[in-house]
Amino acid sequence: MGLSDGEWQLVLNVWGKVEADLAGHGQEVLIGLFKTHPETLDKFDKFKNLKSEEDMKGSEDLKKHGCTVLTALGTILKKKGQHAAEIQPLAQSHATKHKIPVKYLEFISEIIIEVLKKRHSGDFGADAQGAMSKALELFRNDIAAKYKELGFQG
């Protein structure tokens with residue numbers, strides 16, 4: 001299920017555009033996640049008071065967390081599938097502390113694709129979308145495998 005060198009290049013090309021505004025992209029991804037899948041908000045105690053999209057847009061904490069999420073994802077993507085060292089602590093915290101189900105990682109992956117399509121349509125055509133989908137699926141599968149090792153049924 002690995003990606004070719006060309007596919008990784010497509011992923012990293014668009015990711016360079018994300019890195020130019022990690023906070024803005026991250027905020028948009030989290031708002032999209034919470035609007036599309038409101039049940040995911042239950043996993044974020046510090047965001048439970050954010051009832052409207054306006055509240056979410058005004059939250060510096062949400063913007064910061066979005067930046068954190070996409071920074072971590074970018075570090076993993078740049079490893080081009082050789083990300084075991086980066087996945088381990090992420091899986092550990094998301095399984096044991098945050099209890100984030102793999103399904104929620106699928107949800108956020110879908111939102112990431114949508115945000116990239118909207119913000120970078122010229123650089124995120126069908127080939128790049130397919131490559132990013134594969135990269136995010138690889139990430140989720142590896143997280144799910146670590147979850148299983150940790151005994152988390154998420």
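In case you wondered, yes, glycine gets a Cβ from its N, Cα and C as well.
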Out of Thr36, Thr68, which one does Swiss-Prot list as phosphothreonine?
-> Thr68
Pick from Ser93, Ser121, Ser133: which does Swiss-Prot describe as phosphoserine?
-> Ser121
Which of the listed positions, Thr75, Thr96, does Swiss-Prot note as phosphothreonine?
-> Thr75
Counting by DSSP, what is the helix, strand and coil composition of the domain 'Globin' (2-148)?
-> 120 helix, 0 strand, 27 coil
In sequence order, what residues of the same chain, 6+ apart, have a Cβ less than 8 Å from the Cβ of His94 (heme b binding site)?
-> Ile100, Ile143, Tyr147, Gly154
One should report the C-alpha separation between Thr68 (phosphothreonine) and Ser4 (phosphoserine), rounded to whole angstrom, as 27
Using C-alpha atoms only, work out the spacing between Ser121 (phosphoserine) and Thr75 (phosphothreonine) and round it to an integer in Å.
-> 23
Would you mind reading off the Cα separation of Thr75 (phosphothreonine) from Ser4 (phosphoserine), to the nearest angstrom?
-> 18
Counting across all protein chains shown, how many other Cβ atoms sit within 10 Å of the Cβ of Ser121 (phosphoserine)?
-> 9
